[in-house]
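Student: Attaching a single structure in C-alpha cells format; questions to follow.
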Amino acid sequence: MANFPASLLILNGKSADNQPLREAITLLRDEGIQIHVRVTWEKGDAQRYVDEARRLGVETVIAGGGDGTINEVSTALIQIRDGVAPALGLLPLGTANDFATSAGIPEALDKALKLAIAGNAMEIDMARVNDKTCFINMATGGFGTRITTETPEKLKAALGGVSYLIHGLMRMDTLTPDRCEIRGENFHWQGDALVIGIGNGRQAGGGQQLCPTALVNDGLLQLRIFTGEELLPALFSTLTQSDDNPNIIDGASAWFDIHAPHEITFNLDGEPLSGQEFHIEVLPGALRCRLPPDCPLLR
C-alpha cells in the first residue's frame, strides 16, 4: 500500500488509548503509508483538523469514532468550496456505529483502516436541517430520540447498542407520542408519532432499522413513522419491524417539512435539535466517501 497518498485520522478523544488501533496504524506506517493522527477534545476540533488536512494536502480524512464524529468530520468537509475536498474514510469506534455498520464497514480495525485509506471514493448525499445543521445518517424524533439522548454513558459503554433498548423499557412510564404534521413530495401525514426516522442511512439508536430501504446516493430521504395511537403495540412494532404493520407509515422525498404545535426534539447523528418547525432537505453528492464495493447503501 506504499503508493497510496497520505491520510489524516481525526480520532475521538475517547478512543485515544485504543491499543489495537495504535498497532494497526504502526503496521501501516511500517508499510510506507503516511497517516497523520489528530485527537479531538472539544466541539470545533474536527473543523480545525479538516482545515489542517487541506494544508497538508492529504487525499482522505478518516473519522475515527461513532456517528457523532462522522457527522462532525463530514459536515466540515462539505464546507469546502474551493478545490477538491478530501474523501471521507470511516473507522467505527463508537458505541453504536450505525452509519458504518449499515454501510458494511469491516469491524476489524486493520481492515476498516485499509478501506478508509485505499477504498473507492463514491459520491454520497448528506442532509441539512433548517439550512444550518447537517446529518449524514439519520434524523430521529419522538420517544426514540429521548432514549438515545438520555441513556447513561456507563450503560452505553458496558452494553453498546442494546443499552438504548434496555433504557427505553425502563422509561415506559414517560412514553408519550408527538403530534405533528409532515409534508414532502407527494406526501402528507398528520397525527401522533411515537418514533420518526428520516434517513440518508438505514439504522439508528444502536441497530434499529428505521429506514431499511434508504440509499446514500439516490438524492432522496426515506421517512418512517411509527404512529402512536396505541402506545404499547406501537413500541413493540418498533422493535419487531413487521412488514405489514398498520402502525408504520413510509415515504420518500428530497425534502420534508415538519410542523408541531409544541416543541419536539430531533436527534441528528447524536446531536439534539429542538423546535416546532423543521425543513429537512437532501444535499445530493455532497461529499466523497470511501466505501466497500458491495456497500448496501449504494444503488
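Cβ coordinates are placed from backbone N, Cα and C, and glycine is handled just like the others.
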Student: GLY66, ASP67, GLY68, THR69, ILE70, ASN71, GLU72, THR95 show up in Swiss-Prot as binding ATP; which entry in THR40, THR60 does that record put in the same site?
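Tutor: For the ATP site that includes GLY66, ASP67, GLY68, THR69, ILE70, ASN71, GLU72, THR95, Swiss-Prot also lists THR40.
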Student: Rounded to a whole number, how many Å is the Cα of GLU271 (active site, proton acceptor) away from the Cα of ASN71 (ATP binding site)?
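Tutor: GLU271 (active site, proton acceptor) and ASN71 (ATP binding site) have their Cα atoms 9 Å apart.
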Student: Measure from the CA atom of ASP218 (Mg(2+) binding site) to the CA atom of ASP67 (ATP binding site) and give the result in Å, rounded to a whole number.
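Tutor: Here the two Cα atoms are 21 Å apart.
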Student: C-alpha of THR95 (ATP binding site) to C-alpha of LEU215 (Mg(2+) binding site): distance in Å?
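Tutor: Distance (Cα to Cα, whole Å): 23 Å.
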